[in-house]
Amino acid sequence: MHADGDPATLYEELQVHHIELQLQNEELRSTQQELERSHDRYRKLYDEAPVGYLTLGRGSTIEAANLTAATLLGVDRAALIGTPLSRRMHQASADLLHAHLQHVIQDGQRHACELGIHRADGKLVWMRLDSVPDDDDDDDDDEDDDGEPGSRGPSCHTALTDVSQRRELQAHVQRAEQIEVIGRLASGVAHEFNNLLMAMLGCATSALLEIDEQTRAGQLLRDLKSEAIRGATLTRQLLALGRLGDDTNSVVDINAIVAQNARILRHTLPEDICLAFKLGASDGRVWAKQGQIEQMLVNLVLNARDAVSGGGSVKVSTGEITLDDARARALRLEPGTYATITVMDTGVGMDAETKAHLFEPFFTTKAVGEGTGLGMSTVYGVVQQVGGQIEVKSELGVGTTVRVYLPRTTRPLSSPTERSQAALLGGDETVLVVEDEALVRQTVRNYLERWGYRVLEAGDGAEALDLLRARPDIDLLVTDMVLPRSSGSELVREAAGLRPQLRVLFMSAYPKVKLIRERQLDREAPTLQKPFTEDTLLTKVREVLGSGPEQATLRGPAGEMVLLVEDDELAREAMELLLEDEGYQVLAAGDGSQALALAGEHGEAIDVVVSDLGLPNTSSREMLEQLQTLVRPRAIVILSGRSSADAEVVQLLQVMTAKSTYLEKPIEIEQLVAAIQRMLAS
């Protein structure tokens, strides 16, 4: 009772305390509700963060994970909890994970590393791990006697970021740089080697006309001629590695190519290996170089032959397949119809290490002197130039299946050039041959004079100009590209001042595509790649003499101009390098303002616009609409990680007045080249 013993007073005080308790309870309930709402907000932020979060305990055991981490690893979150992260590591990364966690716990500092992790579906992805120690852990219990993360509670918090695409882009850049170096080496070798082969081929051809081919000497000369041609094939293989091969595409039928080469392929295999062919019902038309497709086919079969020993089989088949969005994305191709060439063998198969290096130049599993290591890398170079893809499945002790996907075209097949003896007969035209290599010059002269042409010779540009001034009857100038103290292009420019109607044919031991990329030669200029045969020379001479004056050689630099707009520096550099390697002139911009500035400077000289859809501080749609007005491009390629069915993508393509297409990231960079080539060619 209260001190004064008044029950009423006591009752009042109890009422006051009751009200105060109610208010306190209400405040506590409100605070609790706010804490729960805050917890829900933070839980949502945690789960939906753009990176994965893991809390790792002893032995890399996953104590907690957000939804993003579960998605990155391709598994339900509940299945992650309580399992060690090390169990999901690529074999080579398991020890690196252990060392990474040790550094974090021992140093008490943030550490980062990149590791290979297997998703639940078996796919290997590369993750960046950024880890910090758990500040709430007991310092005395951070690690056990073996240096493992401590047994009491979690030991560190780790952020996961998928860096697979960045690493892939880096690999593309490195591969492109490697190919560029090989291309420079190949082109230098080709110049000297092809001049030698040209002289050998010419001397053997001329000598065979002087003696009986059935004699021992005649047989040796035929062998010499065959070896010179084989040497030229090896040079082309090197040039294909550096993407410096022949630059003339046409519509070819892969069924016809396989059928035409079947007999040759059978002769390359020993009798204990069964070679079978199965041609698809479709003709398999593709836009490519026939010689490169033949080379690719031969290399695939030879690679299969080398894998099969002591009896076995090799099967070559062709077909056609239509790839939907999902299948195309898995192969890093555009959806559509593709012609396929498949070579399957029952050989030894490949382990993961061999498969990883399969397409590297000069990589071989053969003994020294038994292989060049160029076969499969040549296949890779050809397929990438065509805009296709290669799929390899192999199992040790079972065999290997290599399937090549080539974009199918609906254009009609190219008509073969019909040649006859009458077409080769030249008549009485006068030809000036300019070549500093005496044997090569004599070879060309012999080829032409045997078919009735009158031939004049010059060893350099100055001598050629003197003859042009003195002899107005010269109908054709045949000149090497590399001359003492000048070049073939410089000679032609000076000759045009003297004889505007003069027809011109270039010869070069360098590949034509190299001369085009270096702005020495126009793409349309008639050119002979050394070494060439008598028939090849006579056909080209007849073709040039039958055409109008060749002024294309004087038009200046060739190669379409591409405006590339991409904010990711690494991706931009990779695409720029490859486009330039394909002979395009590239203007690179990191955002919309830079792109519009370049468009204002170059205007309608720009042929193609390639733009990412998500640019910083820029409306891609507004920028592209302005570029259409400023540049009037022949083609527009839009890149983005969004689906092609995304409403904004669909609307954007609808408002594009120029020919346009959409490529969904991530893409093989070669897909971009193929898309540009198809739009410009159609």
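Start at 1 and count along the chain as shown; that gives each residue its number.
Placed from the backbone N, Cα and C atoms, the Cβ positions cover glycine too.
Curation plays no part in TrEMBL annotations; they are all automatic predictions.
Annotated coiled coil per TrEMBL: 11-48, in sequence order. Annotated domain 'PAS' per TrEMBL: 38-108, in sequence order. What TrEMBL lists as region 'Disordered' is 130-158. Annotated compositional bias 'Acidic residues' per TrEMBL: 132-148, in sequence order. What TrEMBL lists as domain 'Histidine kinase' is 188-410. The domain 'Response regulatory' annotation in TrEMBL covers 430-545, 561-680. For Asp480, Asp612, the entry in TrEMBL reads 4-aspartylphosphate.
Stretch with the most C-beta contacts under 8 angstroms to the domain 'Response regulatory' (561-680), considering only 38-108, 188-410, 430-545: 188-410. A 10 Å cutoff on Cβ-Cβ distances gives Asp480 (4-aspartylphosphate) a total of 25 other Cβ atoms nearby, all chains included. Across the domain 'PAS' (38-108), the DSSP tally of helix, strand and coil residues reads 45 helix, 12 strand, 14 coil.
The CA atom of Asp612 (4-aspartylphosphate) is located 43 Å away from the CA atom of Asp480 (4-aspartylphosphate). Taking all protein chains in view, 23 other C-beta atoms sit within 10 angstroms of the C-beta of Asp612 (4-aspartylphosphate).
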